[in-house]
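Listed in TrEMBL for this protein:
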type	residues	note
DOMAIN	B:54-239	domain 'tRNA(Ile)-lysidine/2-thiocytidine synthase N-terminal'
BINDING	B:G57, B:A58, B:S59, B:D63, B:V87, B:G170, B:D175	ATP binding site
DOMAIN	B:285-315	domain 'Cytoplasmic tRNA 2-thiolation protein 1 C-terminal'
REGION	B:316-349	region 'Disordered'
COMPBIAS	B:338-349	compositional bias 'Pro residues'
Amino acid sequence: MLWQVLEGLSRDSAKRLRFVPGVVYADEGAACGQSPEDRAKTVAEAKLVLQSVGFPWHIVALEEVFSLPPSVLRCSAREPVGTEGAYKAAVDSFLQQQHALGEEQQSLPCPPRPPIRAGPPTAGQTEALSTLFSSVETLTAKEELLRTLRTHLILHVARTHGYSKVMMGDSCTRLAIKLMTSLALGRGAFLAWDTGFSDERHGDVVVVRPMREHTLKEVAFYNRLFAVPSVFTPAVDTKAPEKASIHRLMEAFILRLQAQFPSTVSTVYRTSEKLVKAPRDGCAAGTPGPRCLLCMCVLDVDTADSATAFGAQTSSQLPQTQPPVAQAEAPTVSCCCTGMGGARHCCRTEEDPRARVIEQLCYGCRVNMKDLPSLDPLPPYILAEAQLRSQRAEAEQIQEYLLEDREDEDARPGES
Amino acid sequence: MPAPQCASCRKARAALRRPRSGQALCGTCFCAAFEAEVLHTVVAGRLLPPGAVVAVGASGGKDSTVLAHVLRELAPRLAISLHLVAVDEGIGGYRDAALAAVRRQAARWELPLTVVAYAELFGGWTMDAVARSTAGSGRSRSCCTFCGVLRRRALEEGARRVGATHVVTGHNADDMAETVLMNFLRGDAGRLARGGGLGSPGEGGALPRCRPLQLASQKEVVLYAHFRRLDYFSEECVYAPEAFRGHARELLKLLEAARPSAVLDLVHSAERLALAPAARPPPPGACSRCGALASRALCQACALLDGLNRGRPRLAIGKGRGGLDEEGPPGRRGSQPSGPPASEPIPGF
């Protein structure tokens with residue numbers, strides 16, 4: 001993708017792209033368990049490639065999530081178009097490299113120039129990151145967590161450097177796999193955002209996927225024909241057995257099916273084009289509801305009469321013959337589902353900090369969190385934001401009971 | 001190591017662990033829990049109002065057997081009456097044995113049984129004949145598509161004959177999950193837009209259909225049948241290996257191994273899919289030939305039969321192939337997803 005951008009910006013091209021790009025490379029070696037030497041080597045290789053492209057570049061290590069501010073999780077309003085007229089874009093396609101199937105190579109984002117934050121991440125941060133990732137029980141949840149943290153990090157970089165758009169290098173094949181994976185993870189409500197061309201749930205920064213019409217094969221051929229250099233690093237799921245995670249399974253399955261029915265990937269892609277970014281029944285006539293803490297989509301956990309609310313409840317609660325025995329990870333879900341819609345109060349009484357975070361997550365993120373036995377290793381910005389939101393929610397709840405001291409109206413107590 | 005105590009009654013030894021939650025329960029408590037959940041599904045979704053005459057699609061397989069049994073237990077509480085309707089597709093060596101099982105069940109439970117046969121309803125076409133007719137057309141026979149559509153029509157016809165007000169089928173959560181996967185893999189936006197609810201309310205003269213076992217996982221259905229010692233027919237349809245659903249089923253098994261809640265997550269996703277209005281099927285009207293519910297001029301069953309009778313079996317399958325005189329490019333509209341005869345014969349929806 002980077003090469004395409006380069007070409008698009010060059011003077012010779014017929015339709016010249018009009019933006020000023022920068023490139024971000026996220027170094028995820030700590031999450032993948034790489035040794036410091038390997039990481040340094042990979043980063044150096046990446047630097048070489050990026051330097052040759054000539055755009056401003058930034059290398060960020062995943063450890064920096066520990067120093068992110070909670071404002072990353074807030075959806076800010078879009079900034080009005082500035083006087084320059086041109087929009088800037090941050091390019092990141094190296095991340096796709098991580099899932100390289102061995103034979104194909106993809107173009108890298110630019111090598112970073114000296115980053116604003118000086119020096120490699122501290123050992124303490126690296127250790128915190130590896131603690132976090134090793135505390136996650138399943139590979140599926142690990143991959144999802146990695147994806148979330150990476151998104152937040154890139155978002156933060158984009159915001160601090162003033163970029164309004166982030167371009168991701170997802171190809172058609174990758175998006176088809178991603179679509180089916182999201183489906184299996186319970187993110188059916190958000191497919192349009194996860195796999196569509198533009199993703200504006202973060203407000204001021206828009207994520208776009210310009211490569212979504214190109215299959216992996218085409219990308220491989222392009223890279224080979226035009227000698228696009230690339231760097232390979234192991235990912236979280238490298239060398240994992242096929243059945244280890246949902247992502248791996250889906251990838252293997254789709255590629256196998258593609259061999260038998262050659263139209264599989266394009267069919268799934270075409271179906272993804274028909275998805276719209278709206279709740280199913282068009283019931284969001286009013287203001288959109290609260291957003292998920294991690295993925296920033298409008299929460300899709302419904303009131304109790306949805307089928308899966310019931311299903312989740314029965315899978316964690318005992319039959320009503322005996323008083324239920326509280327189970328460690330499930331009472332929050334069952335609590336939220338019994339009773340009428342506003343059942344948040346009951347959660348407060350049990351397992352406060354965990355319940356507080358869980359109830360702010362969408363269905364997919366909740367299922368992931370089940371694989372995280374303790375929320376403590378999470379980066380502080382997530383926990384801080386969760387705290388803030390629940391405090392705000394509590395404040396709103398008591399708002400109606402507060403008596404206001406209004407001088408400009410008749411003395412009339414507030415409603416109770 | 002002795003089995004732990006039942007987590008619910010704490011008296012008996014636990015005999016199983018529930019697949020989804022891992023709770024240890026004794027047989028009685030598990031069956032009670034299962035029945036309670038089905039009851040809740042029906043009551044919360046207001047699926048079967050009191051006084052309903054319910055036609056149970058019975059194929060002799062585990063799902064419909066369990067469904068019939070549970071509904072029979074719950075019938076007094078729900079104030080409904082049951083009829084068994086079995087469909088004879090004319091698959092030699094398979095359907096006869098299944099029907100024998102249904103007859104035994106009907107006798108044991110003292111429920112009235114009606115059998116409707118394809119040959120009688122559809123002008124002499126049995127599934128074997130359909131399979132022969134579609135055999136030469138390429139890599140797959142797609143006879144499962146025919147079977148699903150025609151079976152649903154046959155079920156409806158059988159239900160009408162007994163004067164039923166509702167039709168129930170034994171689809172479980174795994175079936176719903178497979179359907180979603182299958183529809184995505186085949187790009188069937190129309191069915192995706194329609195699916196995912198707890199059944200259909202029955203527009204335009206079609207009887208309301210629902211699936212009370214929709215939230216029960218397949219494993220639990222099998223466990224229930226085991227503990228209640230139900231007699232059912234458990235062989236695979238002879239045409240099942242060729243169905244596309246086999247791929248979706250295999251994928252689902254793998255997903256469930258990686259993450260036990262995968263089935264539930266898929267059902268959750270399916271409920272919340274938002275498709276563009278253009279992709280949704282047009283509001284249904286009536287078939288010009290038989291008067292049944294149809295999205296186009298001809299309902300799917302008539303369109304398929306038309307193709308068979310003309311010697312062009314693939315006429316109504318897929319998009320843009322062939323040309324029926326009455327309409328534009330045919331699609332899979334006007335009927336629900338074809339449930340293939342899989343490991344147990346489940347009436348198609």
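In case you wondered, yes, glycine gets a Cβ from its N, Cα and C as well.
A TrEMBL annotation is a machine prediction, not a hand-curated record.
It should be emphasised that the depicted structure is a prediction, and the values quoted were computed from it without experimental measurement.
In this model, the domain 'Cytoplasmic tRNA 2-thiolation protein 1 C-terminal' (B:285-315) carries an average pLDDT of 73.
A simple Cβ count within 10 Å picks out one of the binding-site residues B:A58, B:V87 as the most packed, and that one is B:A58.
Every protein chain considered, the tally of other Cβ atoms within 10 Å of the Cβ of B:D63 (ATP binding site) stands at 28. In the three-state DSSP assignment, the secondary structure recorded for B:V87 (ATP binding site) is strand. Just so you know, the Cβ of B:D175 (ATP binding site) picks up 26 other Cβ atoms within 10 Å once every protein chain is counted. The DSSP breakdown of the domain 'Cytoplasmic tRNA 2-thiolation protein 1 C-terminal' (B:285-315), given as helix, strand and coil counts, is 13 helix, 4 strand, 14 coil. Of the residues the record lists as binding ATP, namely B:G57, B:A58, B:S59, B:D63, B:V87, B:G170, B:D175, the two whose Cα atoms sit farthest apart are 19 Å from each other. According to DSSP, B:D63 (ATP binding site) is assigned to a helical segment. Around the Cβ of B:G170 (ATP binding site), 28 further Cβ atoms fall within 10 Å across all displayed protein chains.
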